[in-house]
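To start, the structure itself, in C-alpha cells.
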Amino acid sequence: MRFRHKAAALAATLALPLAGLVGLASPAQAATSATATFAKTSDWGTGFGGSWTVKNTGTTSLSSWTVEWDFPTGTKVTSAWDATVTNSGDHWTAKNVGWNGTLAPGASVSFGFNGSGPGSPSNCKLNGGSCDGTSVPGDAAPSAPGTPTASNITDTSVKLSWSAATDDKGVKNYDVLRDGAKVATVTGTTYTDNGLTKGTAYSYSVKARDTADQTGPASGAVKVTTTGGGDGGNPGTGAEVKMGYFTNWGVYGRNYHVKNLVTSGSADKITHINYAFGNVQGGKCTIGDSYADYDKAYTADQSVDGVADTWDQPLRGNFNQLRKLKAKYPNIKILYSFGGWTWSGGFPDAVKNPAAFAKSCHDLVEDPRWADVFDGIDLDWEYPNACGLSCDETSAPNAFSSMMKAMRAEFGQDYLITAAVTADGSDGGKIDAADYGEASKYIDWYNVMTYDFFGAWAKNGPTAPHSPLTAYDGIPQQGFNTADAMAKFKSKGVPADKLLIGIGFYGRGWTGVTQSAPGGTATGPATGTYEAGIEDYKVLKNSCPATGTIAGTAYAHCGSNWWSYDTPATIKSKMDWAEQQGLGGAFFWEFSGDTANGDWWRHRQRPQVTPAVRTTRRH
C-alpha cells in the first residue's frame with residue numbers, strides 16, 4: 001500500500017508537539033517540593049527549541065533553583081535565555097538569574113534554549129534531588145532484591161520468592177515485573193502470578209521501594225516456562241493464529257495507539273501482532289522511526305496500563321506499550337516486520353551476505369532494551385528479482401531462500417519467522433521470480449498480500465475490485481486474484497497451511513465514474529482522508545455503502561465515485577474458501593482502518609482467521 005511511511009511520519013511529527021510535556025517531579029529541598037518539566041517546543045531538522053519549567057509545589061518559598069541534565073554526545077545547547085546555562089562535556093547546568101530565583105508556593109518560571117543534535121535530556125536533577133521525585137539529597141534508594149526463584153509451576157501460574165532488599169530508611173514494598181512490565185506490588189517477598197498461558201516462557205524480576213517512595217534497581221531475572229502447550233506458535237493449519245500488523249506511523253495523523261487494541265476489543269481476540277516497519281539499509285536491519293518506536297512519551301490516559309511514562313525510563317514509545325500489552329495479554333506474540341513497500345530497496349544489498357544480514361536483524365530484535373517484546377521476525381521484501389517501488393536487478397535466483405535459511409539459522413527454532421509475499425499469480429509474474437517453495441522450509445508462514453491487485457494508479461480505469469477472490473469476465477489482468485495466487489504457491493511446493501490470505505480494512509476507488517458495474521472508465525483517484533484513491537473501511541461503510549459484489553468481494557458506486565472493499569459478508573465467504581483450501585488462515589491490513597469497536601473482529605466468523613495489518617501495495 002502506498003501509505004506514508006517515514007517521510008509522512010516525520011511530516012506528521014512536525015505538525016504535532018514533538019516531545020510533549022514530560023513531568024520530572026522531585027522534592028528539591030527538605031521543606032520545599034518542586035518539579036521540573038522539559039518540553040521540546042520546535043524542531044527544524046538540524047536543531048530544536050527546548051524549555052524547562054520549574055514549579056514550586058511545596059508550602060514554603062523556594063529561594064533559588066538549579067536544573068542539571070545530560071545530553072548524549074552530539075547534542076548541545078547553542079543559546080539560552082532566562083537562565084545561566086553552562087556545561088562540562090555532556091553535562092549541562094542551568095541556574096536562575098537574579099530576578100527569577102524566588103518562587104512562592106504554586107508559582108512557576110520557565111527558561112528556554114536552542115539546541116543542535118537529535119538527543120533528549122537524561123539524568124535530570126533539581127536542586128540536587130532526582131527530577132522524577134524518587135530521591136532527595138542525602139537519602140539512598142533501596143538495593144536490588146535477590147533474584148527470584150520459581151516454584152509451583154503449572155499451566156497457568158507460578159510462585160515467586162526472593163530475598164529482601166536493604167534500605168537506610170526501610171523497604172515499603174516490591175514491584176513484580178513480568179517480561180519487564182509491572183504486574184503486581186506486594187509488601188512481602190513472595191508472589192503467585194496467575195492467568196498465564198500454558199507452554200509459554202516468561203521472565204520475572206523484582207524492584208524494591210522504600211518509605212520515601214524511592215525505587216531501587218531491578219533484581220536479576222528468572223526465566224519460567226509454564227507447563228502444557230503445543231508447538232511454540234507455529235500455526236499448523238492456521239486455526240490458532242489471529243494476527244495483526246500494527247504500524248508505527250499510525251500514532252501520528254491517524255492517532256492510533258497500542259491502547260486502541262484494548263479499547264476496541266481486538267486484543268481480546270488476537271494471538272499475534274506484526275509491528276511495521278523496521279528499515280533495511282546498509283545491509284542491516286535498522287530502526288524505522290526511533291521516536292514512535294521507543295522515545296515517544298505516553299500520558300496515563302494514553303497508556304495501556306494507565307501509568308504515564310517518565311522522562312528517564314529506559315524504554316518508551318510503542319515498544320514499551322507493546323510490552324505492557326503483553327503483560328495484560330500474555331498469550332499475544334509480537335513479530336518485528338522489516339521492509340515494506342517503501343523500504344524494500346535495501347534487501348538486494350543485504351542478501352549479498354545473508355548471514356551478516358540475519359545477525360544484524362537478530363541483534364536489533366534482541367536489543368536488551370526490548371528483547372522481551374518480540375517473539376519473532378517478519379520479512380517484507382517487495383519484491384525479490386522483480387519490481388516494486390524499486391527494482392531488484394542484482395539478486396541471485398535463490399536470494400530469497402538463502403535469506404530465510406540464514407534467518408532460521410540465526411534465530412533458531414524458538415522464534416517465529418514469517419514473510420509477506422506477492423500475490424501475483426500471472427504467468428511469469430512475481431511468484432515465478434523467486435524460490436518461494438525452497439524458502440518455505442525455513443518459515444512458519446507466508447502472509448500472501450491478496451489485495452491491491454487493481455487501483456487508481458491506472459487513473460482512467462478500468463474500475464476493478466482491488467481484492468478479488470477469483471477471476472471474473474473482464475478482469476484487467478489474468479492471475480491477479482487470490483485463487484490463482486494460492487494455486488501457484490502450492491505448485492511451487494509451499495504447503496497450504498503455510499499460506500495466509502490477506503484482507504484489507506480499506507477500499508480503493510476512482511472518481512469520474514458513470515458505470516456502476518466494474519469495468520467503467522474514470523478520470524482519476526477518488527478523494528481519500530490520507531491519500532487519494534484509498535479510504536478506510538470505517539469511513540466507507542457509512543459514506544459509500546456497498547451496492548454490489550463480484551468475485552467474492554464488494555464494490556460501491558456513489559455519485560461519481562466507485563470503490564471496492566471487503567465487508568463482513570465477503571470476509572465470511574473468503575474465510576469459508578480458505579478453510580476449504582486448507583490454508584493457514586488470514587490476515588488483515590490494518591488495525592487503524594477498523595472501527596473504534598473492532599467491527600471486523602465482531603463479525604469474524606471462523607476461528608482460523610488470522611487478522612494482520614499489512615501495508616498494501618501494487619502487485
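Glycine is no exception: its Cβ is also placed from the backbone N, Cα and C atoms.
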Report summary line: Listed alongside Asp312, Gln313, Gly339, Gly340, Trp341, Thr342, Tyr383, Met449, Thr450, Tyr451, Asp452 for chitin in Swiss-Prot, from Trp99, Trp162, Trp589, is Trp589
Query raised in the report: To which of the residue ranges 37-61, 212-236 does Swiss-Prot assign the term region 'Disordered'?
Result: 212-236
Query raised in the report: For the chitin site made of Asp312, Gln313, Gly339, Gly340, Trp341, Thr342, Tyr383, Met449, Thr450, Tyr451, Asp452, Trp589, how many Å separate the two farthest Cα atoms?
Result: 43
Query - Integer average pLDDT (0 to 100) for the domain 'Fibronectin type-III' (144-229) - result: 86
Query raised in the report: Taking DSSP states H, G and I as helix and E and B as strand, how many residues of the domain 'CBM2' (31-134) are helix, strand and coil?
Result: 0 helix, 59 strand, 45 coil
**Report entry** Thr450 (chitin binding site) and Glu382 (active site, proton donor), distance between Cα atoms, whole Å
**Finding:** 14
Query raised in the report: Can you tell me how the residues of the domain 'Fibronectin type-III' (144-229) break down into helix, strand and coil by DSSP?
Result: 0 helix, 40 strand, 46 coil
